[in-house]
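Visitor: Taken from Swiss-Prot, the feature signal peptide covers 1-20. Positions annotated as disulfide bond by Swiss-Prot, on the basis of similarity to another entry: Cys26-Cys455, Cys34-Cys451, Cys226-Cys236. Annotation comment: Swiss-Prot describes Gln59, His161, Asn206, Glu426, Glu481 as substrate binding site. Residues annotated as Zn(2+) binding site in Swiss-Prot, with similarity to another entry given as evidence: His76, Asp90. Feature annotation from Swiss-Prot assigns N-linked glycosylation site to Asn110, Asn240, Asn331, Asn382, Asn517. Residues or ranges marked as L-ascorbate binding site by Swiss-Prot on the basis of similarity to another entry: Gln207, Arg281. Annotation comment: Swiss-Prot describes Glu426 as active site, nucleophile.
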Amino acid sequence: MKLLHGLALVFLLAAASCKADEEITCEENEPFTCSNTDILSSKNFGKDFIFGVASSAYQIEGGRGRGVNVWDGFSHRYPEKSGSDLKNGDTSCESYTRWKKDVEIMGELNATGYRFSFAWSRIVPKGKVSRGVDQAGLDYYHNLIDALLEKNITPFVTLFHWDLPQTLQDEYEGFLDRQIIQDFKDYADLCFKEFGGKVKNWITINQLYTVPTRGYALGTDAPGRCSPKVDTKQRCYGGNSSTEPYIVAHNQLLAHAAIVDLYRTNYAFQNGKIGPVMITRWFLPYDESDPACIEAAERMNQFFHGWYMEPLTKGRYPDIMRQIVGSRLPNFTEAEAELVAGSYDFLGLNYYVTQYAKPKPNPYPSETHTALMDAGVDLTFNNSRGEYPGPVFAEDANSYYYPKGIYYVMDYFKTKYNNPLIYITENGISTPGSESRCEAIADYKRINYLCSHLCFLRKVIREKGVNIRGYFAWALGDNYEFCKGFTVRFGLSYVNWDDLDDRNLKESGKWYQRFINGTAKNPVKQDFLRSSLSSQSQKKRLAC
């Protein structure tokens, strides 16, 4: 009888557990109560799922001890483009000398992974390995990696996070020339030899889409090339916004594939994995009842995601791109197509926001045309009814976020690209850099962003079977933000720009810590954040 009673109790507990699991709901919009956090924790993602944080070299290291890169050149030449505060990455978090504090904070978070990048010009100051390697740069990364491994934090290393050595840009315009393939390959070969015994997860290029579009179509990012009439203030040092983005993207894919082939051919014995990182967005029809808007959203998917994913899976560009772009779109030779197709063990996907899509005439050819116009799509953050997809993402950019977008993007990649192994390599939100220390630390907006996206991430894994193995919050700490300087903060830890040794977990960092530990609790509710309490009263309640 006791045995039967015991079995019945076990059954009831199991049933209750399953029921609780099935009843997980995710809020799509404010208020994000995150009421499901008692069952939404790291424990619900599997014991081998990696939860970490991310950063990049130019944004955190500072310029000490390395060669000049294109962001140095760009930010000094066009300071107004590098941030409205006219700041740059010359001095940022100074992680080059304060990396021990970074590792200490990751240990405090109980993070199990850290995605960071090598500064190419810190290891190879003049761009080409044949011109010399800086031992101090190698030692810096060895020390960092060793410290991570001591704390059981898995390193994910990005080889190129947009900071190309300036010498290669000066000599042959960087990714505009195929010479970059060999130089990138030589640099990667050095890194595999030097660090491959410790690093088992390699990323070739961060956000393949970004450098071609922002660096060569709009000129808003390094190296700052565009057609003369695209930047009316004449702040591009040359370029063709209609053709160069496609050439740069093509050479990036060829360089990526060459490096993956090198790793698989010469370093398979290291038992690691390698892949690229994509920036992703979800595109909703501006008017869901209008077939033209539905078609525009899918066309945008092809120009935004398919531009890289079709070559990486099939060895060719999307049919719609070949049809619209025509001769401006390079072709792969048969050998190149074979090399590019399948050149990844995993995909890193960065996700931040969702936008609405509606058709817009493509003005090509014209003096103000850019490759971004070829899709013939106008992107907005409001739909035909004037509705926004979710809460404010960045006040200065009038942008909004949509947590369920991460669900749709992951399902899209699973369905369209044969359910690849995926890591979420960036996901986060900015807060104003003008906030006081107390306001910056009490970042409940970031908690709501993180927990709402993690909820939908778990939901898509469970409901759709998407093969996601890790999540990296952006960012480890406040840092220099490309094109915004220090006017925004993305960190889970606070950095005092007047005293760089002053670094502490924000409320979001403490929440993420509890989430990783499996003890996450509800964040402070939105109604408190919007309450009529005076600023002093709020500070007192928050113990600032």
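Including glycine, each Cβ sits where the backbone N, Cα and C put it.
Can you tell me where each of these features sits in the structure?
Guide: For Cys26 (disulfide bond), the count of additional Cβ atoms within 10 Å of its Cβ stands at 21 [all protein chains shown].
Using a 10 Å Cβ-Cβ cutoff, Cys451 (disulfide bond) registers 26 neighbours.
When Cβ atoms from all protein chains are considered, those within 10 Å of Gln59 (substrate binding site) total 26, not counting its own. In the three-state DSSP assignment, the secondary structure recorded for Gln59 (substrate binding site) is helix.
Sequence-distant neighbours of His76 (Zn(2+) binding site) (same chain, 6+ residues apart, CB-CB distance under 8 A): Asn88. When secondary structure is read from DSSP and collapsed to three states, His76 (Zn(2+) binding site) falls in the helix class.
Summarising the environment of Asn110 (N-linked glycosylation site), the number of other Cβ atoms within 10 Å of its Cβ, over all protein chains shown, is 18.
Taking a C-beta cut-off of under 8 Å and a sequence gap of six or more, Arg281 (L-ascorbate binding site) has these contacts in its own chain: Phe304, Tyr351, Tyr352, Val353, Thr354, Gln355, Gly405, Val409.
Cβ neighbours within 10 Å of Cys226 (disulfide bond), excluding its own Cβ and spanning all shown chains: 25.
Counting every protein chain shown, the Cβ of Asn240 (N-linked glycosylation site) has 20 other Cβ atoms within 10 Å. Annotation note: Asn240 (N-linked glycosylation site) sits in a coil segment as assigned by DSSP.
Long-range C-beta contacts of Asn331 (N-linked glycosylation site), restricted to its own chain and to partners at least six residues apart, with a cutoff below 8 Å, are absent.
Sequence-distant neighbours of Asn382 (N-linked glycosylation site) (same chain, 6+ apart, CB under 8 A from its CB) are Tyr356, Tyr388.
Look at Glu426 (substrate binding site): DSSP puts it in a strand.
In the three-state DSSP classification, Asn517 (N-linked glycosylation site) falls within a helix. Counting only same-chain residues at least 6 apart in sequence, those with a Cβ under 8 Å from the Cβ of Asn517 (N-linked glycosylation site) are Ser41, Ser42, Asn110.
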Visitor: Have a look at the binding-site residues (Asp90, Glu426, Glu481) and report the one with the fewest Cβ neighbours inside 10 Å.
Guide: Asp90
Visitor: Filter the recorded positions Cys26, Cys236, Asn240, Cys451, Cys455 down to those whose C-alpha lies within 10 angstroms of the C-alpha of His161 (substrate binding site); answer none if the list is empty.
Guide: none
Visitor: Near Gln207 (L-ascorbate binding site), how many other Cβ atoms are within 10 Å of its Cβ?
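Guide: If we count other Cβ atoms within 10 Å of Gln207 (L-ascorbate binding site), we arrive at 21.
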Visitor: In three-state terms from DSSP, label Glu481 (substrate binding site) for me.
Guide: strand
Visitor: Around the C-beta of Asn206 (substrate binding site), how many further C-beta atoms are within 10 angstroms, looking at every protein chain?
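Guide: Taking all protein chains shown, Asn206 (substrate binding site) has 25 Cβ neighbours within 10 Å.
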Visitor: What three-state class does DSSP give Cys451 (disulfide bond)?
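Guide: DSSP assigns Cys451 (disulfide bond) to helix.
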Visitor: Given the recorded positions Cys26, Gln207, Cys226, Asn240, Glu426, Glu481, which lie close to Cys451 (disulfide bond), meaning Cα to Cα within 10 A?
Guide: Cys26
